Structures are given as C-alpha cells and as structure tokens.
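**Student:** Can you read through this structure? Questions will come right after.
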C-alpha cells in the first residue's frame, strides 16, 4: 500500500523507470556490444560520427538484468522524494540534464561502450544532498546526519573505485555535478546560479559532440586498423 502511494506521488519517476524496463525487454537483456549499440548505447566513435542522440538513448538501456535492477532499486529511493520536492517538470529537467552530462563526460573520458541510468541517478543523488544541505544550513550539518554521511561515502566509493570495478565513473561524476548544481539553482530560486549550472551542462554535452583532436586521431587509426582486419 505504501509503495503504491509512493508510485502515485512520483509519476515521472514511474514513466522513466518503466521506459528502462521496456527498452531492456526489447533488447532481450542481451549484453553483447552489437545489440547494445543497436538499441542506443553510447560510444564515442558513433557519437563523433553524428549519432548525437545516443547521449540520450543510452540513459534508458542497461547492460544485463543486475545492472537494471540495481539502478532502479537504489534509484527509486532518490527519485521519488526529489520528484515530490521539485515537482514533475523541474524533476524531469534535473534527471535528463544529469543523464546527458553523464553520457557526455563518459564519451569524452574513455573509449568504451556505455549505457545505463547511472548518470541521471547520480544526478538525483547530487540533488538529494543539495536539498538537505539547503535545509540543514551547512555541509557540516549535512555530514553530521548519519544517513546523509553514508550516502556521501557510498558515492565517493563508487566514484573512486569505479574504474577498478568496471563502473563508469565519468558518467557518475558528470551526473552528480550537473544534478547538484541545477538543483541548487532551482531551490535557491537563483536565476544566475541556475543559468551557470545549465550552461556548464550544455558545454559538457556540446564538447562530447565534436571529436577532440588527439583522441580523434587515435580513434581514426583504430577504426582503420579494424577495417583492415
């Protein structure tokens, strides 16, 4: 009963997570790279070739059942309260902007196929921490609250240990920063802060759409080598 009430209070969360489940079902739960790319995973080679939409579609695709379940299970604990606090429209802005920032930084940061809602969900983690920071008055008070301190520690562990555990720390970090910054602007009703947060997110996304000179040369060399094989 309590779960149903929470679902009713977070309609955008339900729609977004349902979309992730539908995409997973359509992809058949496959984890091979060709299938992932077919269903919208992000890879710098294809993004740089003009398939910019992958920064968005990759947010709804997951690499295996465990990836999907973990993201939705932990994500709901952040998503539902933040949607209730911000309202549907502002929540959707934070979610999508965080996801795009995460996808973009992932494309810039490493040459790997990436997918998942993690960037957007880390954005909601950032939004949650910022909301409590504003309510409690200082970062010290935030750290003094055990549940929030555990959230911070968990986030740091995921960011630092991510590269060694196969997690996309670029996507996590990009989403976290974008979500926190945008939420700060929204909750403080500061147009300048919100503008800076949105501009910063846009710059990261735009940077991912264009080949970075040194990285692009390496990519062309690799593609030429693969074509010759």
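Cβ from N, Cα, C; glycine included.
Those TrEMBL annotations? Automatic predictions, nothing curated.
From a predicted model like this one, the values you see are computed outputs, not experimental measurements.
As annotated in TrEMBL:
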TRANSMEM  12-33  transmembrane segment
DOMAIN    50-187  domain 'Peptidase S54 rhomboid'
TRANSMEM  53-79  transmembrane segment
TRANSMEM  91-109  transmembrane segment
TRANSMEM  115-136  transmembrane segment
TRANSMEM  148-164  transmembrane segment
TRANSMEM  170-187  transmembrane segment
TRANSMEM  194-212  transmembrane segment
**Student:** Among 91-109, 115-136, 148-164, which stretch has the most Cβ pairs under 8 Å to the transmembrane segment (170-187)?
**Tutor:** 115-136
**Student:** The transmembrane segment (12-33) and the transmembrane segment (194-212): do they have three or more Cβ pairs under 8 Å, with pairs 6 or more apart in sequence?
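**Tutor:** Answer no: the transmembrane segment (194-212) and the transmembrane segment (12-33) share fewer than 3 Cβ pairs below 8 Å.
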**Student:** Can you count helix, strand and coil residues in the domain 'Peptidase S54 rhomboid' (50-187) using DSSP?
**Tutor:** 115 helix, 1 strand, 22 coil
**Student:** Mind looking up the mean pLDDT for the domain 'Peptidase S54 rhomboid' (50-187) in the predicted model?
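**Tutor:** Average per-residue pLDDT within the domain 'Peptidase S54 rhomboid' (50-187): 90.
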